[in-house]
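Take this structure first; my questions come after.
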Amino acid sequence: MRVLVAMSGGVDSSVAAARMVDAGHDVVGVHLALSSAPGTLRTGSRGCCSKEDAGDARRVADVLGIPFYVWDFADRFKEDVIDDFVESYARGETPNPCVRCNERIKFSALSARALALGFDALATGHYARLTDGRLRRAVDHDKDQSYVLAVLTAEQLRHAVFPIGDTPKPAIREEAARRGLAVADKADSHDICFIPSGDTRAFLGARIGVRRGSVVDATGAVLAEHDGVHGFTIGQRKGLGIPGPGPDGRPRYVTGIDAETGTVHVGDVTDLEVTSLLGEAPVFTSGVAPDAPVECAVQVRAHGGVVDAVAELRDGALEVSLRTPLRGVAPGQTLVLYRSDPDGDEVLGSATISAAR
């Protein structure tokens, strides 16, 4: 089988490539150049797009004895990930750029190019498993990345390979060291790669500009003015620009955002609790949409917990009733449905949250 391996320059994708070689496949490594402007992408850790990371990936490919290329996806990445991220925040949403990157870059644009060039599959260093075409959590639940892959269609998954999903992260590092890969001790990073400063508010402000509005409490009283709703997210407690806690002495949190009026609503932590979610553009990883309510577990953050729920498809949208309330759920987040079985937690599907009540 001809396999294209997406090599970020980190330890995970490096071991994934090595395992594909060991399995006897015809392997080619590729690194995606996601920016042409120096200093615009985070480097030195678990990067996926810097010159330093490309160099690390090339050195691993040399050790493995496989061809290696760098493909320029900068324009596509800007349009489908960065611009989407900015526009989503301007609408008062809270997107996950890693979800969007997997959906539109790695397993759409990159996978399509791979198939067009005659490759049979795209392998990555994601912590997830595929068994009988079913997407499942990784063995290492602490590193599991099935959440950010839950937007993939059955057709996209049919051409995907996740070689390290059955191995805990410490063992991956040990394996890399045994293989003599210099990235064995390379640090992980959980930051947004295209915000090198780590200051999301400043990044968004520079691109959206000042759009003044008000911060109001449950009575409608104006507590403060702000420079744009992009500086806030549901559940936020710090950096609200308000004088202090509420009249009862309890902290106040962002409970709602109205991008059209520029109004940021704040209230008590109990106001953050929701018991139902509405998801747009649902994707079912099996390729088959359920025709009846489904008992499942729901996760709304990449490294968040799950709660039991019932999900039902109605008029093209996913309606989810939670058995236990969740706090701080924001429009723009991805909701992922899981189902437990003897082979591990299976991903049923996902949707983008449009409302939480």
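Keep in mind that glycine also has a Cβ here, set from the backbone N, Cα and C atoms.
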Quick one: which of L32, L115, L117, L135 does Swiss-Prot put in the ATP site with A6, M7, S8, G9, G10, V11, D12, S13, G125?
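For the ATP site that includes A6, M7, S8, G9, G10, V11, D12, S13, G125, Swiss-Prot also lists L32.
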Measure from the CA atom of H126 (site 'Interaction with tRNA') to the CA atom of G10 (ATP binding site) and give the result in Å, rounded to a whole number.
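Between the alpha carbons of G10 (ATP binding site) and H126 (site 'Interaction with tRNA') there are 11 Å.
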Of C101, H126, C193, Q333, which recorded positions come within 10 Å of D12 (ATP binding site), going by C-alpha to C-alpha distance?
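Within 10 Å Cα-Cα: H126.
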